[in-house]
Amino acid sequence: MANRTEETEHDTVLRPSNKEGISDLMLKRPIRWLRMLIEELHWSFFFGVIIVYGVSQGLGKGLSKVSTQYYFKDEQMIQPSDAQVYVGLIQIPWIIKPVWGLLTDVVPVLGYRRRPYFVFAGVLSMVSMMVLSLQKNLQLGLALSCLVAGSAGVAIADVTIDACVTQLSISHPTLAADMQSLCGLSSSIGSLVGFSLSGVLVHLFGSKGVYGLLGLTAGLIVVVGLLLKESPSRSPGRKHVNEKFIDAGSAIWKTFQYGEVWRPCLFMLLSAAVSLHIHEGMFYWYTDSKDGPSFSKEAVGSIMSFGAIGSLVGILLYQNFLKNFPFRNVVFWALSLSVLSGFLDLILVLRINLKLGVPDYFFIVVDEFVSHMISRIKWLPLLVLSSKLCPAGMEGTFFALLMSIEHVGHLLSSWGGGVLLHALNVTRTQFDNLWLVIVIRSLLRVVPIGLVFLIPNVDPSSTILPADMLRNGRSEDVIETDKIEMTALLTNEA
């Protein structure tokens with residue numbers, strides 16, 4: 001009965017009216033949507049989303065991406081192919097997200113299962129960013145270690161909020177797409193602000209100065225850990241913890257034996273792996289004074305901010321027009337458009353845009369906007385699908401595992417792009433073969449289109465897992481853990 005009432009309210013809030021004007025669509029309707037989510041899911045959930053997705057991942061991503069590119073290029077003086085490989089290394093903590101998920105699920109610290117991990121994540125990120133900011137002439141190995149540690153702090157904080165989103169997706173299935181849209185909106189708005197400021201901040205303070213600012217934003221994760229309302233629980237013995245790890249492994253193995261789970265996982269891995277990343281090669285070309293446009297730091301940051309706007313538009317398009325379509329259909333058309341958008345880089349590098357009278361900055365802005373919009377539309381249905389593949393009682397850990405599979409694909413993609421740049425001799429000053437790199441990258445994007453049959457042809461309101469996997473069949477103490485982790489999200493103010 002409650003689910004039916006929730007679905008009715010959801011439809012009432014979001015169903016377009018014939019009398020709605022532009023102001024209703026752009027202002028009143030989003031406000032009603034946010035108010036509905038607050039009433040259904042509690043304001044504390046929004047606080048966690050804003051800090052983790054909006055500030056830590058969104059704003060932090062915008063500031064760190066530009067600063068890291070200039071740090072590798074100007075401070076460490078490395079080649080674009082090497083930078084592409086190192087960018088992949090920084091993402092390794094995201095690959096082992098299931099480890100963080102299992103630790104927060106079954107290993108309490110001082111009687112708490114969430115608060116200490118938030119504090120640890122924030123402190124880890126703060127210390128690593130401050131070392132990068134304050135140490136002069138830092139060796140490449142130590143600099144990479146600090147960047148990986150900072151990434152680990154963000155990943156650990158991300159696991160907790162992912163668990164909340166996934167568990168609420170199961171208890172509120174009609175709001176699953178809305179929650180992913182909320183997370184995406186927070187991330188995109190944060191990225192927009194971060195990218196918009198990144199170029200100016202790198203110009204004023206240098207890449208190392210921006211790392212100092214990132215250390216300050218990491219402190220907000222510590223604040224989350226200090227303020228999070230969580231009831232203490234008894235610490236289980238080592239034998240009991242080992243049993244939980246074994247139970248978790250057994251549940252994961254059982255779930256992966258289900259065809260509707262392993263097939264989309266295989267798709268996410270393969271589609272990400274063959275979509276090679278050549279971002280560092282393009283960045284070096286953007287800032288080259290001989291062959292490229294020779295953009296300033298401010299211009300680079302503003303260009304990337306338009307990519308964040310494209311992501312935001314992609315979220316709005318999915319939320320308002322595409323979220324009720326079957327997963328397979330949305331991903332198929334997004335992949336098809338991604339193939340076409342990939343050749344925009346080719347027009348730019350061959351300078352065809354100048355022959356047509358289109359300035360470099362305008363063309364790159366359009367390219368960045370379109371590519372990020374398509375990428376977001378492609379990724380959102382896969383996020384919603386992933387949230388529906390998680391068995392009850394293992395939501396956080398299993399969702400982290402699904403995301404780690406996708407991150408493995410991105411790691412392979414980043415390394416593959418680095419190998420391709422190196423093989424075709426694209427260096428800090430040599431870009432003759434960059435056009436060929438773009439052609440190979442764009443043609444490889446065709447491969448995932450032939451794999452879309454691995455995605456279930458169902459819509460987001462459908463239940464994918466069998467009913468017995470959606471019931472928490474574990475022991476009572478594990479169920480109690482799930483209640484503890486959601487205390488701050490679902491209880492009233494003290």
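Quick reminder: no glycine exception, Cβ is built from N, Cα and C everywhere.
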The residue range that TrEMBL labels transmembrane segment, out of 182-204, 366-388, is 182-204
Quiz item: Does the transmembrane segment (261-279) make contact with the transmembrane segment (182-204) through 3 or more Cβ pairs under 8 Å, each pair 6 or more apart in sequence?
Solution: no
Quick check: do the transmembrane segment (41-63) and the transmembrane segment (182-204) share at least 3 Cβ pairs under 8 Å, counting only pairs 6+ apart in sequence?
yes
Query raised in the report: Between the transmembrane segment (182-204) and the transmembrane segment (398-421), are there three or more C-beta pairs closer than 8 Å, counting only pairs 6 or more apart along the chain?
Result: no
For the transmembrane segment (140-161), out of 115-134, 330-352, 433-455, most C-beta pairs under 8 A are with 115-134
Quiz item: At least three Cβ pairs under 8 Å linking the transmembrane segment (433-455) and the transmembrane segment (330-352), pairs spaced 6 or more in sequence?
Solution: yes
Ask   = Do at least three C-beta pairs under 8 angstroms join the transmembrane segment (398-421) to the transmembrane segment (83-103), pairs 6 or more apart in sequence?
value = yes
